[in-house]
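First up is the structure itself, then whatever we jot down about it.
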Amino acid sequence: MMENYEEIRLGHIRSKDLGNQVPDTTQFYPPTKFDFGAEILASTSTEAEAEAEATATTTEPATSELAGKANGEIKTKTLAAREEQEIGANLEHKTKNPTKSMGEDEDDEEEEEEDDEEEEEDDEEGITGTSNEDEDSSSNCSSSVEPDWKLRWLQREFYTGRVPRQVIASIMPHFATGLAGDTDDSVLWDYLAHLLNEPKRRNKLASVNTFDDVISLVKKSQKIIVLTGAGVSVSCGIPDFRSTNGIYARLAHDFPDLPDPQAMFDINYFKRDPRPFYKFAREIYPGEFQPSPCHRFIKMLETKGKLLRNYTQNIDTLERVAGIQRVIECHGSFSTASCTKCRFKCNADALRADIFAQRIPVCPQCQPNKEQSVDASVAVTEEELRQLVENGIMKPDIVFFGEGLPDEYHTVMATDKDVCDLLIVIGSSLKVRPVAHIPSSIPATVPQILINREQLHHLKFDVELLGDSDVIINQICHRLSDNDDCWRQLCCDESVLTESKELMPPEHSNHHLHHHLLHHRHCSSESERQSQLDTDTQSIKSNSSADYILGSAGTCSDSGFESSTFSCGKRSTAAEAAAIERIKTDILVELNETTALSCDRLGLEGPQTTVESYRHLSIDSSKDSGIEQCDNEATPSYVRPSNLVQETKTVAPSLTPIPQQRGKRQTAAERLQPGTFYSHTNNYSYVFPGAQVFWDNDYSDDDDEEEERSHNRHSDLFGNVGHNYKDDDEDACDLNAVPLSPLLPPSLEAHIVTDIVNGSNEPLPNSSPGQKRTACIIEQQPTPAIETEIPPLKKRRPSEENKQQTQIERSEESPPPGQLAAV
């Protein structure tokens, strides 16, 4: 949501219509967590307080009195360190003109509007400079007025019986179209509350721009907040989760029934089956790794009294190993563990033996008679697992999905955000809330520095230092060591990089390779085309069309594939290519089965080779979420008959298309001149070794346009030059006779079709999947019987005795070329 930022449209709502006026901007209001449907409580005490407040302000209008009572009926759960407070009850009205008559409603309304205008003018004149400051610091949701009146407006909508989908459609029409139909209303109300409380994006400071400014800020700042993510621990050797051989991929192999690899960290799944977590917990267990230069840099800030707090999203406890005391582990850590039943706590050493033995540790207080923990690799029934968790097991105090952050985070952050004078973000994508809100929670006047491999487009930093975090920290320490040898001791590399305004020109060898492959494909297309006509062209067309569909899909989240070999700007890695081929194979299986069925109806039976195989339903899902390559064939060692589906796959002809190959696009870091770092023309972005940014446009733009024109005019979906699509598509199979793939859910399928329809400037004639989908809906209507209106299929080579009859039928069915030209 943070990347696809959509401005909320509430222009038709006036804050004074909500019954409470804009309060004094100097008053502090803590943020409220609005849990609709979960924390709606009736309270007589709050009603009495609301009535007492209404009595005290006798000049308050009747509408405000009713709103106050409504507001008093709701209690909301706030931060853990604060008491519950009423929404809308924390704002008081300023007294109105005492000469107003309560009996004259129309006059009251007119006078109220006039008074409101006067008050607004007085506020603007009386508070000098605060209006601009509040506008800049409106991202601070706790001190801004706007989120408060938005929540009061949302509360009014809730009590008037509005449907949450209608509310979402009124403020965010684009987002409302993508809501799932089965989403509960309480979830939507909760989402709306968080959405309206979302802080505004901060504007960049004009006074902080250069790398020298960063060094100056570090030298003079005394209360620095450092927010760290996984990027600071990459060089420590901690295994990753999402690579080909990462934890998630191996987890799916060992636990094929796991609905999603991330369920390993889902609290609800953990309560049902804790085995996946304890099977791989030893790989991320602390004590086996050493701190990185980033950790030592943060420790030096603390030693010199400059560190206000280190907020870390990591659970590796390397901050503790580095000796950092002023640290908040936002997502918990392995340092302690708690019982899931009685909340008994113990330290990490008590679980160490069980963790490394891959056993599920039981609570010594809840199950004192159990001599040994349960082996996580031993197969047990669901009932045994449920009973095991209910009896009490030990869970490390890391924050799982579905759990709240530690109370310490909310308590400390409430004070730190108002006193910090510099924010440094190192190695984090800032996509997980509420930690992602830290940059927007501190005052907008506080400088913010980003040290990361990639840019964060959903946030605005004053200076972006892009590259390997260890390399960047090393250069910062060199700059700081001019007058202090303590910083020089942290330098792990003696080389000092110099600033450069120029990048090396991109290598053109990749261009020549790309054009050579296009020329080779053009020259060899005629001979290959003849061989294609002598084979089962139905499978060829299915293969090419599926390739086109996957190629147009681009990047799809949670789809099992991330890029394609057809139209992606980058060349796919081996893992991505394997994942794509796996999905394409399943698509071809479905299409070939339909083809075989159609051939049986037409009496066109032919010898075909079949292969029986087994596939895991749990692996073949659209929710891989990071699994890029996994074996789809079940081995006898872990085959479970209840989880298998027997399939008959039709083997397509062994015709291997020539994939479109592109040279690897160079990153800006790969074009750095030796011994330099690059200063971008925007004057606040810098590229160091290891950066994953692409700022060169002369590589891909011209080639992409030339390649697109070449494909649209001369080549088919395989890249073979020949007749246009119109000729080839006359006998093609309608891909929409079946779903695109059993792996693709309807939403993703619609997304792919949309990308295909809108992906090119010149839509291909008679080959648009959108047109085929429309035609399929019409064709799928009930018909009396299959007669002559059968979707055209490209048949096998007809025998000599049927050629003449076929030519006669075609001449009768198709109009002369003159008529086609006239049309």
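Backbone N, Cα and C atoms are what each Cβ position is placed from, and that goes for glycine too.
Feature annotation from Swiss-Prot assigns active site, proton acceptor to His331; the stated evidence is sequence analysis. According to its DSSP assignment, His331 (active site, proton acceptor) is coil.
What Swiss-Prot lists as NAD(+) binding site is 229-248, 313-316, 427-429, 452-454, Ser469, and the listing cites similarity to another entry. Neighbour count (other Cβ atoms within 10 Å of the Cβ, all protein chains): 23 for Ser233 (NAD(+) binding site). Following the DSSP three-state reduction, the secondary structure of Ser233 (NAD(+) binding site) is helix.
For Cys339, Cys342, Cys363, Cys366, the entry in Swiss-Prot reads Zn(2+) binding site, with the evidence type sequence analysis. Around the Cβ of Cys342 (Zn(2+) binding site), a 10 Å sphere holds 11 further Cβ atoms from the protein chains shown.
Annotation comment: Swiss-Prot describes 41-67 as compositional bias 'Low complexity'.
The compositional bias 'Basic and acidic residues' annotation in Swiss-Prot covers 72-95 (among others).
Residues or ranges marked as compositional bias 'Acidic residues' in Swiss-Prot: 104-137 (among others).
Sequence annotations record features per position, and here Swiss-Prot assigns compositional bias 'Acidic residues' to 698-707 (among others).
Summarising the annotation, Swiss-Prot assigns compositional bias 'Basic and acidic residues' to 798-813 (among others).
As annotated by Swiss-Prot, compositional bias 'Pro residues' applies to 814-823.
This prediction places the mean pLDDT of the domain 'Deacetylase sirtuin-type' (204-499) at 84. Sequence annotations record features per position, and here Swiss-Prot assigns domain 'Deacetylase sirtuin-type' to 204-499 based on sequence analysis.
Look at Swiss-Prot and you will find Ser618 (among others) tagged as phosphoserine, backed by experimental evidence.
Taken from Swiss-Prot, the feature phosphoserine covers Ser621 (among others), and the record attributes it to experimental evidence.
What Swiss-Prot records for 41-146 (among others) is region 'Disordered'.
The region 'Disordered' annotation in Swiss-Prot covers 698-722 (among others).
Annotation source Swiss-Prot lists region 'Disordered' at 777-823 (among others).
Across the structure, Cys363 (Zn(2+) binding site) and His331 (active site, proton acceptor) are spaced 23 Å apart at their Cα atoms. Residue density at Cys339 (Zn(2+) binding site): 21 other Cβ atoms are found within 10 A of its Cβ, drawing on all protein chains shown. For the recorded Zn(2+) site, residues Cys339, Cys342, Cys363, Cys366 set the reference point as the centre of their Cβ atoms, and the other residues of that chain within 8 Å of it by Cβ are Thr340, Lys341, Arg343, Phe344, Pro364, Gln365, Gln367, Gly392, Ile393, Met394. Spacing of Cys366 (Zn(2+) binding site) relative to Gly229 (NAD(+) binding site) is 36 Å (Cα to Cα, whole number). Most Cβ neighbours within 10 Å, among the binding-site residues Cys363, Cys366: Cys363 holds that distinction in the structure as shown. Within the group of binding-site residues (Gly229, Gly237), the Cβ with the highest number of other Cβ atoms inside 10 Å belongs to Gly229.
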